[in-house]
Amino acid sequence: MGQGKSQFTEDELQDYEDLTYFTKKEVLYAHQKFKALAPEKVGHNKNAKLPMAKILQYPELRVNPFRDRICKVFSSSNDGDCTFEDFLDMMSVFSESAPKGVKAEHAFRIFDFDGDDMIGVSDLREVIERLCGAELKLSDSEIQQLVQNVLEEADLDDDGALSFAEFEHIIDKSSDFCHSFRIRL
Amino acid sequence: MSGGNSKNKSRSKRHEGWEEAGGEFYQELYPGGEQELFDNLQRADAAKLATLLPSKQARNKNLSNEERTWEEIMQIKAMPNATKLRLQGFEQLQWRQRKIWHRFRSRCGEIMGKLELWQSSLREIEGKFGTGVVAYFLFLRWLFFLNMAISSFVILFLILPKVLLVENLEECIDENSTICCSEAYFTRNWTRNNVILDLIQGTGLMERTILFYGVYSAQIYSFFINSWETELFYNMPMAYILVPISWALLSLVAIVKTGAKGFKERLVENEGQFYVYCNLVFGGWDFCIHNEKSAKIKHKAIYNEFKGLLEEERIKEEKQLRTKESNILMHLRRLLVNILVLVILLLSGVLIYFAFNHSMYWLDEQMAQENEFVNRTEGKVFLGDYRESAFSIGRFQNTLLEFLPFLCIVVLNIIVPEIFGFLIKYENYTPARVIVITLLRTVLLRLSAFAVLLSQIYIQVTNPNRVFCAVFTDESRLDCWETYVGQQLYKLILTDFALQFFMTFIINFPRSLVARHSNSTCLKVIGTQGFYLPKHVLDIVYVQTIIWMGAFFCPFLPIIGTIFTFLIFYVKKFACLVNSTPSPIVYKASKSKSLFMSVLLLGFIISIAPVAYSVAEIMPSVNCGPFRGFNTVWEYVVVTFESFPKFIREVIFLLGTSTFAVPAFAVLLFLLYYYCAVAAANRHMVTVLKNQLVLEGHDKQFLLNRLSAFIRQHQKRCDRRNRASFADDDSIQNSSR
């Protein structure tokens with residue numbers, strides 16, 4: 001790329017550009033960020049697998065209430081450890097140019113804590129608890145009420161859980177979602 | 001080999017099994033199209049059948065697609081002539097161009113975002129107080145831009161021409177002519193006061209500056225351009241009437257447009273199903289947040305919002321549970337509070353009335369004394385010395401008297417809303433309702449103050465005994481009454497701003513310090529203050545109302561207003577971030593936006609109405625201003641209209657007659673009816689579709705239950721059959737042995 005010190009070949013960059021919502025320059029920038037998390041390891045192997053704890057050093061992820069879920073969803077080995085490609089995938093989904101559908105799908109997986117392909121009552125509870133943070137606690141009945149309200153709004157088929165179609169329907173109607181579900185590289 | 005055999009066998013057997021088991025069930029449920037599904041079911045085994053469930057389907061398909069696509073891409077890449085498959089030549093160029101254009105646009109958006117005024121402040125406020133309060137600050141910024149637009153109109157078309165163009169001097173010949181009157185007015189020695197006092201009162205030195213209506217010329221400026229050899233004209237009075245009309249239209253359009261946008265948003269939110277909770281739960285977290293502090297604040301904001309939503313729900317429920325007696329009791333209480341509010345409003349009106357009359361009376365007295373003295377000594381030369389010596393003590397008193405009504409108004413504006421806020425606690429309204437009602441009451445208070453003030457001025461101005469021409473009178477406040485009105489509003493806006501400044505920094509700031517650094521509960525109660533939105537909204541709407549009302553009489557007012565709104569942003573930011581603790585009430589952004597706009601619209605109508613009346617009905621001053629010598633300001637427009645070419649006159653005249661108006665009215669009515677009908681039809685359609693959606697949901701659920709039962713049944717059958725076939729196999733093997 002004319003910089004001389006790039007760890008990537010032109011072909012690899014082209015692949016990354018085709019597969020993500022980034023340009024080559026942004027891919028390189030993402031790699032810099034990735035490298036900053038663990039300079040030694042990534043210096044040796046550009047696609048090194050970093051443990052989840054290292055990935056969570058990334059500022060936006062550090063304070064995110066769903067940080068562990070995000071890592072798990074994007075990790076190719078499903079245990080939260082991410083290679084550079086996983087990281088790039090994550091950033092690409094969170095980037096501004098990613099379409100709503102892609103964002104919605106990943107959001108669905110992030111919010112689906114127990115992995116049963118439905119956002120059920122327990123998932124909703126977990127989401128609400130995490131949103132309020134560690135210090136502020138809503139009472140049990142309040143959370144119950146909130147979960148019930150969410151289901152009342154969105155659960156079109158009354159099965160007590162949100163399927164992906166229902167979730168997508170909500171996201172379609174929500175104008176804020178695309179603004180908030182975004183991490184600037 | 002035997003395994004393969006048994007598989008085949010089992011499949012064929014399964015085939016038969018399906019035939020008998022599922023056939024009739026599906027036959028009766030699905031008269032047509034079942035064959036396809038049936039085939040699918042036959043081919044698939046139980047594990048795969050589960051993927052037919054809709055919830056699983058969407059995702060799994062997507063994932064496998066992704067994988068397959070990736071594999072395909074890799075295969076294509078591995079092909080020897082892979083490079084040829086990329087877009088070639090012109091197409092590639094086009095594609096690149098599209099990409100570059102896209103990137104350019106997003107880059108532009110980013111830069112614009114950085115240029116946007118107060119962006120970081122807004123983020124900070126959003127982090128601490130939530131979107132509702134940010135909506136308020138956005139509103140403030142919007143008003144700032146509106147004022148800037150109005151100011152640019154005024155500067156371009158009134159102030160610059162006035163400063164740059166040279167007036168022709170005209171000789172005073174006839175004593176009764178407007179020229180002599182204005183000469184007498186302008187050559188009169190002004191009351192010599194302290195410069196600072198003049199500055200804040202708009203009197204003396206300031207009265208004859210471009211700040212006020214008085215100095216704007218009644219002439220049509222003309223200047224000769226040598227290089228073009230033509231003469232250009234600038235019709236100052238025309239400009240003076242057109243500029244207010246254009247900014248009034250601009251404001252109206254801006255308000256209506258922004259308000260309509262907010263209204264539409266609200267409508268969508270209300271009409272479509274409520275997604276308040278879902279929005280908050282799934283879109284609540286801002287993934288951009290990257291430091292601990294703002295994350296903590298965000299947690300708190302979301303927590304508050306949850307609480308607010310639940311609170312609203314609770315009040316709704318309470319309302320339904322209320323018994324008849326308590327209902328009546330509550331209505332009685334509300335009635336009582338309303339009467340009390342009315343009494344307070346009346347009292348404050350009376351108070352302002354007396355304050356104004358009192359100050360006028362004393363000022364008149366003083367002026368009469370001075371004039372008497374001047375007449376006796378017959379020496380205007382000594383005027384200055386005389387005032388310097390004798391009235392230096394009285395001057396301060398004078399200023400106080402001048403400001404008395406305004407101080408009264410502003411102090412009432414601060415105290416009475418507090419009382420209202422206290423009273424409304426006894427009325428049990430929902431939080432949203434509380435905001436609206438407090439706003440309405442406070443608006444009424446502020447307007448009653450305006451009404452009293454304006455009616456007093458009106459009575460003075462239209463006094464039939466008043467001598468109009470300055471040649472024949474002593475100095476009076478109403479020599480140029482438009483300037484006088486301008487001065488009053490100028491004083492009002494200054495007082496208002498000063499008090500806001502004072503309240504925020506001198507009173508509320510120490511209060512918040514006390515609250516933060518002391519442990520006693522009593523002091524904490526005194527010191528803690530929420531950011532109470534309705535009050536702050538009114539503060540700025542009030543300033544805006546003064547600007548609209550005064551801009552005709554004091555063209556500088558929009559410029560002053562622009563500066564003030566700019567400063568008020570910081571004052572309010574300070575009040576919000578430093579003085580206040582996040583309030584337990586959560587204000588919702590979309591709702592408050594349309595609320596602000598409706599309050600502003602009310603303010604606009606109420607401020608423009610008196611100005612329009614004065615333009616159309618009251619005789620402008622003879623001594624000063626662009627319309628000296630006309631009966632009304634509007635008369636000037638009519639006279640100018642008369643000088644237009646006949647054709648244009650005819651056309652415009654036609655627009656005013658019934659031949660045009662009646663058909664136009666009919667067409668408008670027709671359109672209105674059409675849109676109403678469409679809206680009604682759409683609304684009906686929405687309910688029908690909603691019902692249908694619910695029905696579909698139930699249908700789906702029923703089918704899913706059937707399907708899963710079916711799968712279970714099928715699985716059992718298979719197991720049985722398998723077991724049986726294994727047994728068969730075994731028996732065959734056994735027999736063969």
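These residue numbers are counts, starting from 1, taken along the chain as shown.
Just so you know, glycine gets a Cβ as well, placed from its N, Cα and C.
Keep in mind that TrEMBL annotations are predicted by a computer and have not been checked by a curator.
Note that the structure is a prediction, hence the values are computed from the model and not measured.
What TrEMBL records for B:133-160, B:238-256, B:335-356, B:403-424, B:436-459, B:546-571, B:595-613, B:651-675 is transmembrane segment. Taken from TrEMBL, the feature domain 'TMC' covers B:480-590.
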Contact between the transmembrane segment (B:436-459) and the transmembrane segment (B:595-613) (at least 3 Cβ pairs under 8 Å, separation 6+): yes
Winner by Cβ pairs under 8 Å against the transmembrane segment (B:595-613), considering only B:238-256, B:335-356, B:651-675: B:238-256
Within-chain partners of the transmembrane segment (B:335-356) [C-beta distance under 8 Å, separation at least 6 from its ends]: 404-405, 408-409, 412, 416, 419-420, 423-424, 426-427, 441, 444-445, 448-449, 451-453, 456
Surrounding residues of the transmembrane segment (B:133-160) on its own chain - C-beta under 8 Å, 6+ positions past either end: 117-118, 121-122, 125-126, 210, 216, 239-240, 242-243, 246-247, 250-251, 254, 258, 531, 533, 536-537, 540, 544, 547, 551, 555-556, 558-559, 561-562, 565-566, 568-569, 572-573, 576, 587, 589, 592-593, 596, 600
Secondary structure tally of the domain 'TMC' (B:480-590) (DSSP, helix then strand then coil): 88 helix, 2 strand, 21 coil
Per-residue pLDDT averaged over the domain 'TMC' (B:480-590), given as an integer: 82
